[in-house]
Amino acid sequence: MWKQKGAQGNDPYLYSTNNFVGRQYWEFQPDAGTPEEREEVEKARKDYVNNKKLHGIHPCSDMLMRRQLIKESGIDLLSIPPLRLDENEQVNYDAVTTAVKKALRLNRAIQAHDGHWPAENAGSLLYTPPLIIALYISGTIDTILTKQHKKELIRFVYNHQNEDGGWGSYIEGHSTMIGSVLSYVMLRLLGEGLAESDDGNGAVERGRKWILDHGGAAGIPSWGKTYLAVLGVYEWEGCNPLPPEFWLFPSSFPFHPAKMWIYCRCTYMPMSYLYGKRYHGPITDLVLSLRQEIYNIPYEQIKWNQQRHNCCKEDLYYPHTLVQDLVWDGLHYFSEPFLKRWPFNKLRKRGLKRVVELMRYGATETRFITTGNGEKALQIMSWWAEDPNGDEFKHHLARIPDFLWIAEDGMTVQSFGSQLWDCILATQAIIATNMVEEYGDSLKKAHFFIKESQIKENPRGDFLKMCRQFTKGAWTFSDQDHGCVVSDCTAEALKCLLLLSQMPQDIVGEKPEVERLYEAVNVLLYLQSRVSGGFAVWEPPVPKPYLEMLNPSEIFADIVVEREHIECTASVIKGLMAFKCLHPGHRQKEIEDSVAKAIRYLERNQMPDGSWYGFWGICFLYGTFFTLSGFASAGRTYDNSEAVRKGVKFFLSTQNEEGGWGESLESCPSEKFTPLKGNRTNLVQTSWAMLGLMFGGQAERDPTPLHRAAKLLINAQMDNGDFPQQEITGVYCKNSMLHYAEYRNIFPLWALGEYRKRVWLPKHQQLKI
């Protein structure tokens, strides 16, 4: 059986800044589990397949991890009897209290011993294939991946194949060329054959048919072209230039990569190395076979130069501008021929040397986690090409388990983990219940994790020269070892520490030193845009919109420059206002000015219908929930703010007949609110709307819409306190969705806890913030 492990480092090429607190990985133990437990796992796998067929639910429920942690906790989840409200029965205090207690008990049971809540953070079908390609070209695929790994990786790909035979870019998406080609290639590299696939339904052959019916792999978007070129089943001549020489320009250069969004910068960095070296792996019999399998004409007859701008229409979301195509053509026809010849090839060598220097620095400062799975796979490819026997390659291999996640739908590569983000949201949800004394042990563990996850030092040396920012005092999305600042994680973590500081230390643990709070404030104030007043994610926003014209991805939007985001801005307002409340006098004027600018940014970016567009969740419901919470913390209310009134009106106008809310993922690329098909309800999104309405004062004015939504949540709760997994609710870059498996527990608990506190409990002393 598979076992989830955590807070351990068992490899000489692993190292940590905090003794691996927050690390999570999976290990196969052949002798683990009773026959009954193994049967439960198989049942979970069958239930997933049936649920997907009957109800169209693609995301996993994380059943393998949950079953393990629930058993290890020893908590009896069925000791509180289930509760259902009849059609004509109204919500009452006892009903909501029972639902909250059951949800709290489940959350205690699935909390890891180091304080975080392990959960899948995945959903993209573009995450895993690059890693498999990296392992294949380096000859390590059979040493890093066991038979059990391969079996579960294959299971995942088969489970998420679409009816038409193709695969999407993410698990709920329509079939695309990049999703289909990469999934097909991955299956073949893992040993699946053409004649008959293990699923008994000819899945490999059906996938190949979709690819050929839609023009063949030559139409794969640019990221896919790079991956295939490294594997050796596409020619570099068919890729638009990614010159490493760009890294040699002074930082004042208008198009210097240092001005790019960190994830874009760090992804294209190893891409430019691989392009500059024209590297490809060994041309094996399987590679030669793939060359013939995925194209409509013989490989030798393909005119590669004509494929540089070729992108399948099913994939195209962000078309190249004419200016961009002229830039690529100019580099391809004029620069590249010179850089291949002496003496200009010396410039290429200098560019490659600089890229290697930057890759090494970035990998070291993230403990070889890198900024995410995209860079991770590309760095593995690059270090294999640079020095197969080097320590960098070995360090990278040692961190691969951190990216592999297994659930009932199989094994996949996840982002880099959402440990900190899930923990700080869950912590606020627990605090909102007002049952702290009853469930304080859970808060004590979460408190420990949050404190241990704060970054304690800046990157070493001249980090600005290495395209990095200061980090001391910040929190990441995952754990301290990741080392990359995230604005909303820092703000929400700061608020958690401030909330917990008002509670008895014998219940929630010791407070952090106040200097740690000051350092977090320093980070937040630094991250604000001096122009707009908004906040981005990793670094201060870059007011260089012309750079977005060079977005080469075709499938993602807003990836080139660091942009402000609604939800990040709202979270920072919450964090700064909470700090000001408990620590007046420290940088008070700067905090007040910062919050005032941030509020103006939010007011300027409100949609005509009263909503706000969220970048990291779907989408208008998500953005509006965060914004109203930010406004509430800054004293903006329904009575004194037109923006709040419009936001509340948006929520009330989009509530469906059964009392819930549901928003389709189509809202994200279209940037227009789109209800779920049939105007059905999503429980997580319903919770967002409930919370947003309560932050907008709806409980005091007219709680009727909240009663309807609360009844829906109570009746949807399962006997063990869990809530059913429904549609995917996360997103990034407007056109790719992300599954946050813990959301279905965090947000219904938070919404019901806040509802119970605001509607049903008598007025009494609350926390100050």
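Keep in mind that glycine also has a Cβ here, set from the backbone N, Cα and C atoms.
From a predicted model like this one, the values you see are computed outputs, not experimental measurements.
Swiss-Prot tags one of the stretches 507-527, 612-632 as transmembrane segment, and that stretch is 612-632.
When the CA atoms are compared, the recorded positions lying within 10 A of TRP421 (site 'Transition state stabilizer') are PHE477, ASP488, out of the candidates PHE477, ASP488, TRP616. Between the alpha carbons (Cα) of PHE477 (site 'Transition state stabilizer') and TRP616 (site 'Transition state stabilizer') lies a span of roughly 12 Å. Here the transmembrane segment (612-632) has Cβ contacts under 8 Å with residues 558, 565-567, 569-574, 598-599, 602, 605-606, 641, 643-644, 647-648, 650-651, 654, 661, 663-665, 667-668, 671, 673, 685, 688-689, 691-693, 695-696, 728-732, 734, 737 of the same chain, all six or more residues outside its ends. When secondary structure is read from DSSP and collapsed to three states, ASP488 (active site, proton donor) falls in the helix class.
Using a 10 Å radius centred on the Cβ of TRP421 (site 'Transition state stabilizer') and all shown protein chains, the other Cβ atoms total 25. Here ASP488 (active site, proton donor) is positioned 11 angstrom away from TRP616 (site 'Transition state stabilizer'), judged by their C-alpha atoms.
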